[in-house]
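Per TrEMBL, these features apply:
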- 20-306: domain 'Sugar phosphate transporter' (DOMAIN)
- 317-349: region 'Disordered' (REGION)
- 16-35: transmembrane segment (TRANSMEM)
- 47-72: transmembrane segment (TRANSMEM)
- 84-102: transmembrane segment (TRANSMEM)
- 108-130: transmembrane segment (TRANSMEM)
- 142-159: transmembrane segment (TRANSMEM)
- 165-189: transmembrane segment (TRANSMEM)
- 201-220: transmembrane segment (TRANSMEM)
- 235-255: transmembrane segment (TRANSMEM)
- 289-306: transmembrane segment (TRANSMEM)
Amino acid sequence: MGKGGSLSDGVMKKIVLSYTYVAIWIFLSFTVIVYNKYILDKKMYNWPFPISLTMIHMSFCATLAILLVRIFKLVEPVSMSRDVYFSSVVPIGALYSLSLWLSNSAYIYLSVSFIQMLKALMPVAVYSIGVLLKKESYKNDTMFNMLSISLGVGVAAYGEARFDTWGVILQLGAVAFEATRLVMIQILLTSKGISLNPITSLYYVAPCCFVFLSIPWILVEYPILKQTSTFQFDFVIFGTNSLCAFALNLAVFLLVGKTSALTMNVAGVVKDWLLIAFSWSVIKDTVTPINLFGYGLAFLGVAYYNHSKLQALKAKEAQKKVSQPDEETGRLLEDREGDGSGKRNDNQN
């Protein structure tokens, strides 16, 4: 009974911790999305400068990461040569800056609910780019699943009451750049055995993002901000917003590190439904029945994709378990053969 009780207690503890990590990530992701919408929307805080907002996030995150790595030494920096940094981290930083810039820009033109529906295309983009760059193998059933997700998002877009072509282009661009970044992380970093946690990731990537974003900022937003002499930097609004963005990066590491990337994908679907409900009930965005029907189709496609990934992971783990006894048997046979040859040599001597 004691052993059984302790085992069940241990399992329960793991389940409670997993749900806690999921809840923290959903809350912070939810907060950052709604907070960014509040700052950028012309009907709310009315500060429509997405590049500036992203640069504030990056400078805040970079400063905190440098303090934690260099000053407080809470995290060890990753051993990385100059060549690896420029060939791997810089391209990833460029893609990340473009993704953040375009996704934040979309909040000016589109509702929170519709943006979440468009984000359902992320598995489609990741799989398609993975196939193009030969990181994923093409499968007819997977491509059919991707087409069903795309169809669902298309129906949701058809039913959107506040459809804005420029906003949709911005969000689809953000999805494309983010998907490319995820695939490039596998190609450029994972293949070289380099793994970055959120703090070391921000330590290396955030300054790079800041530099890339400064170019369009000087050309696009700086002249407008210069003319707006009445603007006063609100340290409370932008400070708390940046702190939430930094905390979200840590929550991603916590969720993926303590559970799995698949859990994060499933939690992301739950978060999307919560944001759609919040957008409709609190922000008073219009959510049409066609919107919900289309996103429902996309949701089923994403759920099936996650299920397929889970089955593939289970099959991989089962194969590992089967191969381990075979490896052990092979070692035993080698040892016996070694002993036998040793004895034969002794007899010959």
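Placed from the backbone N, Cα and C atoms, the Cβ positions cover glycine too.
Because TrEMBL annotations are produced automatically, they should be read as predictions rather than curated entries.
Ranked by Cβ pairs under 8 Å to the transmembrane segment (289-306), the stretches 16-35, 142-159, 201-220 are led by 142-159. Where the transmembrane segment (47-72) meets the stretches 84-102, 142-159, 165-189, 201-220, the count of C-beta pairs under 8 angstroms peaks at 201-220. Touching of the transmembrane segment (142-159) and the transmembrane segment (201-220) is ruled out by the presence of fewer than three CB pairs under 8 A, sequence neighbours closer than 6 excluded. Counting only same-chain residues 6+ beyond the ends of the transmembrane segment (84-102), those with a CB under 8 A from a CB of the stretch are 50-51, 54, 57-58, 170-171, 173-174, 177-178, 180-181, 184-185, 188-189, 192, 194, 204-205, 208-209, 212-213, 216.
Counting only same-chain residues 6+ beyond the ends of the transmembrane segment (235-255), those with a CB under 8 A from a CB of the stretch are 21-22, 24-25, 28-29, 31-32, 35-36, 39, 45, 53, 56-57, 60-61, 64, 197-199, 201-202, 263-264, 267.
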